[in-house]
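Copied from TrEMBL, the annotated features are:
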COMPBIAS  1-24  compositional bias 'Low complexity'
DOMAIN    514-573  domain 'STAS'
REGION    1-28  region 'Disordered'
TRANSMEM  90-108  transmembrane segment
TRANSMEM  120-137  transmembrane segment
TRANSMEM  144-163  transmembrane segment
TRANSMEM  169-191  transmembrane segment
TRANSMEM  203-225  transmembrane segment
TRANSMEM  249-267  transmembrane segment
TRANSMEM  279-299  transmembrane segment
TRANSMEM  329-352  transmembrane segment
TRANSMEM  364-381  transmembrane segment
TRANSMEM  401-422  transmembrane segment
TRANSMEM  429-452  transmembrane segment
TRANSMEM  458-489  transmembrane segment
Amino acid sequence: MEISYASSSSRNLSRYSTSTSSSNMPNRPVRIIQLQHPTTTSFSSSSSSSSSWSVLSRWRSKVKAMSFTDWTDVLVPCSRWIRTYQWRDYLQIDLAAGLTVGVMLVPQGMSYARLAGLEPIYGLYSSFVPIFVYAIFGSSRQLAIGPVALVSLLVSNVLSKIVDSSDELYTELAILLALMVGIMECIMGLLRLGWLIRFISHSVISGFTTASAIVIALSQAKYFLGYDIDRTSKIVPLIESIIAGADEFSWPPFVMGSIILAILLVMKHLGKTRKYLRFLRAGGPLTGVVLGTVFVKIFHPSSISVVGEIPQGLPKFSVPKSFGYAKDLIPTALLITGVAILESVGIAKALAAKNGYELDSNQELFGLGVANICGSFFSAYPTTGSFSRSAVNHESGAKTGLSGIVTGIIIGCALLFLTPLFTDIPQCALAAIVVSAVMGLVDYDEAIFLWRVDKKDFLLWTLTSTMTLFLGIEIGVLVGVGASLAFVIHESANPRIAFLGRLPGTTVYRNIQQYPEAYTYHGIVIVRIDAPIYFANISYIKERLQEYEIKNDGSTRRGPEVERVYFVILEMSRKYSLGRSFSIRASR
């Protein structure tokens, strides 16, 4: 027995199909299939996906249509801004921005090198060649690359497990790591794999950076307290080590480091809150270094450790060594590559949007990769884009990559002429620079926001930050990424199914939860599956649809009274799955 129910505007499904074809609504074929006989159900669908041959043909046509200028823009992205450079308007601004970032990078580079377990000179080396290479092959015009705190911590965390930081092999492995990271970034850029990072939730990244910032700050405590602590990325051993050595506490480095840290934080705050004082934000690290160095030169305190002698001159060309350890470094290289994508490409896209130009993520990855590869031949350890320096570069008005070239020239001048002045820089001053830089990474506001908006994302944030703090960086990243992917898979395998109703006086159907005034009918359920249908979610969808035949869904606002659902109508518009609508008729 078949029972048909329809609205006053459409007596039956066939007439409804005819009426919609005569109106502005698209004409979609309607099929009726038995709900209880899935084996006998069949429907034809036209696939819109192109074959691999057609994709290759389109690619070949695109390549043939490219002009010499197009090829130049792809191979050497700096040609885009060079070709349209406005010398009168941009030159002075770019020079000022490059000078500002360069002054900020000199002390920061040395500080981050110490965080990585390297001599300060390698921070300057890493701030020199990669900047020039990125200015040529990078697509962002405001991104400031060089050593960053998070990558430095990752380098220190993995290399300290292999060899002591005082060993020459430690430095060789750090340089080899730069080469491996560069190769991976280039491969990802060439294969256009930058989209993979989209599967990692922003809450995972926020939780990871927050926990890492806390670990970085605690790792610098030894320069404030005046005694050594364990080198580890786990918070419990760090705190235990700090407490165990309390008997060796020294007041002079603690007082000096605290005063310099306070000065840096005040200057950063004033630079952010008052536009006419924004130069203070960039000048903070240099101010801290100068004050500390002057104090040491005048009073010569024996209890305050200093940087010591730094080699003078530009880095020399040398091929990375110790390839026998490359296999052990692959996981860390992958992790640093992921951090580079998140940290660099994210801020590069934001700056590109603010400055009104397009940015290709894959080209950006390739530019970062070439910068790391070339840097590894000149004694650089892994580098990436910096949030703080890029923000300063943008706030200083940088228009093109010329500001990066100016920054590189400042670093080169420091290497050639200023290294004798760096000998008496207090270690606690460099530690204060690191702490002030990472304090902005502690994103507790994000946790509060997620708690109010989405408990699931808050769970991801809490899980990632907790695992990173207590079990280490690698475990924290694996757990966070794994949980993020698990949520993606769960959402894909259990798609949301929306109940639709007809808006009064129209033939438009919308979700009844969003439009409570929409009409629904006894015995008829209209649903929309808000996801593509494929093998992973077909069982879930089938189970949900079969539930409607057994129990009433509460659609009782129109139509004659019935005790069960007789029709389930699926809205499967092209953007969701098969590009057609059909109904399932329940057998009695």
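Cβ atoms here come from the backbone N, Cα and C positions, even for glycine.
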Tertiary contacts of the transmembrane segment (329-352), as residues 6+ beyond its ends and Cβ separation under 8 Å: 139-143, 145, 148, 150-151, 154-155, 158, 173, 176-177, 180-181, 184-185, 188, 194, 197, 200, 205, 358-359, 361, 364-365, 368, 382, 384-387, 390-391, 394, 473-474, 477
Within-chain partners of the transmembrane segment (429-452) [C-beta distance under 8 Å, separation at least 6 from its ends]: 107-108, 110-112, 114-115, 120, 149-150, 203, 206-207, 209-210, 212-214, 216-217, 220, 223-224, 256-258, 260-261, 264-265, 268, 284-285, 288-289, 291-293, 307, 387-388, 458, 461-462
Contact call for the transmembrane segment (169-191) and the transmembrane segment (401-422): at least 3 Cβ pairs under 8 Å, seq gap 6+: no
Top Cβ-contact partner of the transmembrane segment (401-422) among 90-108, 144-163, 203-225, 364-381, 458-489 (pairs under 8 Å): 90-108
For the domain 'STAS' (514-573), mean pLDDT (0 to 100): 75
Whether the transmembrane segment (458-489) meets the transmembrane segment (144-163): three or more C-beta pairs under 8 angstroms: yes
Other parts of the chain folded back onto the transmembrane segment (203-225), taken as Cβ under 8 Å at six or more residues beyond its ends: 115, 149-150, 153, 156, 231, 233-235, 238-239, 242, 245, 248-250, 253-254, 257-258, 305, 342, 427-428, 430-432, 434-435, 438-439, 441-444, 446-447, 450, 457-458, 460-466, 468-469, 473, 476-477, 480-481, 483-484
